[in-house]
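The following features are taken from Swiss-Prot:
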| type | residues | note |
| --- | --- | --- |
| DOMAIN | 129-567 | domain 'Urease' |
| BINDING | 134, 136, 217, 360 | Ni(2+) 1 binding site |
| BINDING | 217, 246, 272 | Ni(2+) 2 binding site |
| MOD_RES | 217 | N6-carboxylysine |
| BINDING | 219 | substrate binding site |
| ACT_SITE | 320 | active site, proton donor |
């Protein structure tokens, strides 16, 4: 049998089993665990290549072949790090394996035909589009920024650049919910909107869920009282939606213990669990140790650097409508910034104790930096804590799977939409991000929504080829016309769908139903299910997990930073 060197093979068809790649300029290295393609039968498009009539391309009609094929790609997902061809049909992933022409090739499980378009995945990394569960819908342009960072699903709330939305992720009431659903119908991104859960009687909550909300948000700026928490969770259990909470920083309605008592063992998604973004000061970080709580971070504190503390005070004053001339407002802001808990947050992520990463877009966080900051934290933790259990000097596969789950499958599980998005798996929407390894986590090579290209770096439009400078991200055809309705999804509760909200509002996007999110627990959080016993020293703010102090130094330098943004 003829053989070629590993280097020559990688240059032609991309790396294979046992090959290693560095992620961007980090100290993280992946190793390909399995190659689903067949040596000697690989398919590749181009002049003199395999995907031609009678060779890699069969004679079947469109109904019998995939619409889009990604060839020889390296998949990073919670379930593995593998090389495979990926088949897409009707906007969904239908195959992960070996593509080709079954008439002349063995082991083919993805059929290429005349109706198949090809995306060259050789040497590229493939990830699922990110799911950001902490979006303040302050401006519609966030969708573009999120997409070009690799995020394809927004969950949050708001109505535009007004005080309520600048501070809270809430779309309150039927009228606001309906107008925002009509608005986001035009965005080329998946969307779910939170209703307001800050009310002590059930009727005003039920009507928001029936109006099309994906779930509910409790926020201290609207009142995160024990009664509101108890009532909101009662309705959520009844109607199978998730509740997200930004708890009571000032401890006015009760302390951390009262909030836990009101939650009463029911599932709830706690935002910015460290506390700088809000929540019981200083105890909210203890929620990492509750088996029914799904803990999340927002990206302004991630990872802990020498600049993190200094930049937070001004951000807080703006986001929460505070007045620097009022001493009580300044004290409120200062109570939330604790370098000790910020340092502990990085370590809790690395231990798999904090399960989700999100942005807090334009409300302290940066909508386009969820992916980047996740991997910066992983890099920092490898340098400071060494390899994770199960990893070797050769690869960081376990750490990579842990961190990618934080912004893909786990937020999807938390909000009952993992049957539609959150991973590269058969049957799910083909929301797929392609990366050159050198630019992984920073600048995608291609962003696909529902199997179509939504955004891509594109050169001079008047050039003879696509690559001449200036190159920048531009919207592609999945963003245009009626195509955007067939490639993006609006998520809402079963109650909203049964009430006919999509039909009443004339929504044209795909409609996704929330399901099963009241059964999710911390144990459901893939690679991030650790439930430590958390202690916090109230004077020093030192955090302990199972008796071990969580202490680390701030980073003075990070990868995936200035060298990628010179132009």
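One is the number of the first residue shown, and numbering goes on along the chain from there.
Placement of Cβ uses the backbone N, Cα and C atoms for every residue, glycine included.
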*For residue 219 (substrate binding site), identify the closest of the binding-site residues 134, 136, 246, 360, judging by Cα separation.*
246
_Under 8 Å between C-beta atoms and at least six apart in sequence, can you list the same-chain neighbours of residue 136 (Ni(2+) 1 binding site), or say none if there are none?_
156, 157, 158, 165, 166, 168, 169, 360, 361, 362, 363
*Using the Cβ centroid of 217, 246, 272 as the reference point for the Ni(2+) 2 site, which residues of the same chain not in that list have Cβ within 8 Å?*
134, 168, 169, 218, 219, 244, 245, 247, 270, 271, 277, 278, 279
*Using Cα coordinates, what distance in whole Å links residue 246 (Ni(2+) 2 binding site) and residue 320 (active site, proton donor)?*
12
*Return one of helix, strand or coil for residue 134 (Ni(2+) 1 binding site), based on DSSP.*
strand
*Report the same-chain neighbours of residue 134 (Ni(2+) 1 binding site): residues 6+ apart in sequence with Cβ closer than 8 Å to its Cβ, ordered by sequence.*
155, 156, 169, 244, 271, 272, 296, 298, 358, 359, 360, 361, 365
*May I ask you to report the DSSP-based helix, strand or coil state of residue 219 (substrate binding site)?*
strand
*Hey, which of the recorded positions 217, 219, 246, 272, 320 is the loneliest by Cβ count within 10 Å?*
320
_DSSP secondary structure for residue 246 (Ni(2+) 2 binding site), reduced to helix/strand/coil, please._
strand
*What are the other residues, in sequence order, whose C-beta lies within 8 angstroms of the center of the C-beta atoms of 134, 136, 217, 360 at the Ni(2+) 1 site?*
133, 135, 156, 157, 168, 169, 244, 246, 271, 298, 358, 359, 361, 363, 365
*Can you tell me how far the Cα of the residue listed as 'active site, proton donor' sits from the Cα of residue 217 (Ni(2+) 1 binding site), in Å?*
16
